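Asker: Submitted below is the structure of interest, expressed as structure tokens.
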């Protein structure tokens, strides 16, 4: 037993040396595999960049609503919006927002002047049109019968429905542009709002929707409040209000990321401008009764506009504080704030002094 025991003590170090060499070999193999995997991962990440069509489809498919946010630690080059928020300045977005608001309302005042000038000229010169020859009239009826039918349908629409149809058509057009593979990089750059994207994207992103459901819901709500909004502001002022609110909501989204030091994100959708319209209508008619579309067919209900507005604000404040990432809560709140402040104060301050712009434009145009 003693001899056997001593022999065992002599042989064990040899076995340990063999085991040690084996483990060293396995460790080297694992290190080489890890290095290979790391290199392949970097190549894979490069292939998944938004400049690649397949990667772009994957990226855009995850933008169901206005508020998709990319992860801070994503490694995407070129078009990637996930850069550090600390390097982003708010000065350029602010100046762009201010310029859009100024140009929009100035242009609306000029258009309003041109409309009144045209009406005055028609009243002064008479509205009777030159008579047509019977032959020309017959040809017109045959060739343009369908167009006349469309013109009659268009004439039967209210001013609110006409301007909203234009906005809806623009949104639908942009929606289909997202489906064109060769336009993907352009759409990401100019039709999704992010701090590092070109400044026009702050406005164009409000006409941009990735999913059909997002487009349908936003356009349905927009159509529901459009006529009331146009009756409140008038056609020209409503157009300026919509563009300004859309841009301001994008600025609010970018500012929240900068000030709250949140990860960079991209944002698409008309919800910011629509929230401004809802806020304007609710503050103007606080006792109006509202209901949730489609849900009221199953569960009949109604609530005051003031209550609905407060619930929307509370929901977006909660989402902003808790950092919910599915919706752009800062953009929603920015739009709502714009609608409330403009209806309460801005309408009187801005549109109430339109005579100054009209007089200046009249001096340029001369007498009718």
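Each residue, glycine too, has its Cβ placed from N, Cα and C.
Quantities reported herein were computed from a predicted structural model and do not represent experimental measurements.
TrEMBL lists 203-344 with the feature domain 'Peptidase S54 rhomboid'. What TrEMBL lists as transmembrane segment is 94-113, 163-181, 202-226, 238-260, 267-287.
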Asker: Mean pLDDT over the domain 'Peptidase S54 rhomboid' (203-344): what is the value?
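Answerer: Here the predicted model's pLDDT, averaged over the domain 'Peptidase S54 rhomboid' (203-344), is 91.
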Asker: Which range wins on Cβ pairs under 8 Å with the transmembrane segment (94-113): 163-181, 238-260, 267-287?
Answerer: 238-260
Asker: Tell me the residue counts in helix, strand and coil for the domain 'Peptidase S54 rhomboid' (203-344), as DSSP assigns them.
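Answerer: Split by secondary structure, the domain 'Peptidase S54 rhomboid' (203-344) comes out as 104 helix, 5 strand, 33 coil.
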